[in-house]
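Worksheet for the structure shown next.
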Amino acid sequence: MRREFRWPRLLTPNGGGIAYGGDYNPDQWPESVWNEDIELMRRAHVNTVALAIFSWSRIQPREDEWDFDWLDRIIAKLGEAGIAVDLASATASAPMWLYERHPEVLPRDRFGHVVNPGSRQSWSPTSPVFKEYALAMCRRLAERYGDNPTVTAWHIGNEYGWNNRHDYSDSAQAAFRDWCERRYGSVEALNDAWGTAFWSQHVNSFSEVLIPRHMGGDSMVNPAQQLDFERFGNDMLLDFYKAERDAIEAICPDKPFTTNFMVSTDQCVMDYAQWSDEVDFVSNDHYFHEGESHLDELACSDALMGGLAQGKPWYVMEHSTSGVQWKPLNARKRHGELVRDALAHVAFGADAINFFQWRQSRSGAEAFHSAMVPHAGADSALFREVCELGESLQALSDAGIQGSEMERSRAAILFHADSEWATRSETLPTMKLNHWHDVRDWYRAFLDAGLRADVTPLRDDWSGYDIIVLPTVLVLSDADARRIAEFAASGGTVVVGYATGLVDESFRVGLGGYPGAGGGLLRDVLGVRTEEFNIVGDEAQGEASAVGLSNGACSRLWQSVATVADGEADDVAVLATYEGEGAEDWELGGMPALTRHAYGAGVGYYVGCDLRREDIARFVEAEFGDASIRADSRLMHTRRIGVDENGNRVAFDFYLNRGPKKPVNVPEFTGVPLVEHRCAPVAGVAHGRVLQRNGVLITRQRLD
Ligand code: GAL
């Protein structure tokens, strides 16, 4: 059951508009700074802040001492200025006194070492003691601020799992046994699912079930046990979130709840499809990937957020105005990039644009992380850009963008948290598999081909799309294999990647040839059968580390040793075979690498090897491209559709320079420009623009 979609109201006359602001940590500054904060927020058009995320020790400085006065004062000031508060449960970082009194709440690492306090989330999600303290805080906040009109949403925790995703404490061990008992019902079922006949892992009772602690040397964990441990950790944190939410909701039921996900760069920590059911609106923290993939990666993460939000608008809870401080090299954003990134999030369905954080810290681990008000102060290029962004968002709000929904693409790339976790197992043909990276490569390849795909959780309903792509969806249950086969049989196009459908939800390999998902059903969709995998790489010195394809493509890691299945020769079109020196050396010459198969009313494609992005793009363009609407692939375009005050449908079109370095033309747009950022007119062409580096054009038009 999914919770009903509820969006926080702003303190604007009609409660609407794009929420703009950031994490605000006034408790880290003397109160003398607060008035200037408010004055600058107003100047920047800030209308919302996330407050008290890390304020536990300030609110409860000792076990029996509570101090809300400062919070009362700042909330009042914000309210007077028309700035809404997204109030945190304040539990993301616990006070030192709690750890001193109750060291048993601390998590342990896989070696059994205590994880020391001093950072964030130094608590075990299965610790009943910690939960008691956290829920007491939630109740106090709900009692005090539940009726406060300035507080318009609840921000529960912060980035659950950032520091306590894997806990190997004794309380986790006990909870894991209970979790397994609930999942499997009987110990026989668990033995069967985990394949415990292997290495004498058979258990006679749930009390013998272990969490995968370090077992010495390079010992490999049973992958089914590991996958369950990932699910368990996800579930424990989700339970913790729900307990905090419910504690507040029991006192204050009428304000929406969220918690910030971490969908970006290399992170996709939780099974966010599940989490999305438990929030009233989904929100995300997105940190950019430096380099040429910056905008594409942002778009791909946002596409997944759109999928998690099931088409509804979603919330950027954090992103950065410029560089972060937690990577080996922290690139700053160039001029115009701050505005471009924020507008790109809006282009992909966000109705809230927030940063970490409002004022750049003076002390602590994040002093060199960028913020809305930098160390240099308000007289700075960065703050001027923050103000410029505020104006653009205001213009979009005034044009009624809030609540409009993204236009769907024809194709959905399917994302699956289980597969993301499973590809990290050390027991696969290669340790270089990565589901999320392959999703991203496919996403970028669609853009390269002048198309755009959505990204949708596997468990959701994607039956309305024409095309689904399954890149390294390693884990497929029988039920999912059936859904995919039915989709193809009824006219859909299914693209199956090289390492898709190899194991079921218990990491059991499907037999009879790969991919064995669904007892061979996926093979039937493809008409192709793989017997072995050919794994290559630079590590094997003196061996060919790449294998070419007859269409000029190149594979550098994995080639399925496949043949057309018996009786399928007439229905399978071999689009490319392995060819050339590498192929001959590995005895793959002439074998099918890329195939298309008619299945029912639809089609099953098999991409039997990893390919470079440009090769995937050529495949996408050749098979799914539309020559009649061939656009410059350096121009990114999205559309949001809403309804105006008279009930007419309106379209908001977003054009972004995907460049990144060269200008790109918007040859002919329709509608009225709302925002022109780093955007130049074209002499003599009223509806043409040139987008400079980091350029964005947003237009509005009536559709009916
Ligand atoms: C997030 C976190 C913020 C801040 C930010 C820095 O993970 O939620 O509190 O630490 O990263 O990039």
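Any Cβ shown, glycine's included, is placed from N, Cα and C.
TrEMBL annotations: computationally assigned, not manually curated.
Copied over from TrEMBL:
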{"type": "DOMAIN", "residues": "23-395", "note": "domain 'Glycoside hydrolase family 42 N-terminal'"}
{"type": "BINDING", "residues": "R120, N158, W326", "note": "substrate binding site"}
{"type": "ACT_SITE", "residues": "E159", "note": "active site, proton donor"}
{"type": "ACT_SITE", "residues": "E318", "note": "active site, nucleophile"}
{"type": "DOMAIN", "residues": "410-628", "note": "domain 'Beta-galactosidase trimerisation'"}
Mean of pLDDT values spanning the domain 'Glycoside hydrolase family 42 N-terminal' (23-395): 97
Cβ neighbours of the residue listed as 'active site, nucleophile' where a neighbour is any other Cβ within 10 Å: 23
Recorded substrate site residues R120, N158, W326, farthest C-alpha pair in Å: 17
Cβ-based isolation winner (fewest other Cβ atoms within 10 Å) among the recorded positions R120, N158, E159, W326: W326
Close-lying recorded positions around ligand 1 among R120, N158, E159, where CB distance stays under 6 Å: N158, E159
C-alpha spacing of W326 (substrate binding site) relative to E159 (active site, proton donor), in angstrom: 16
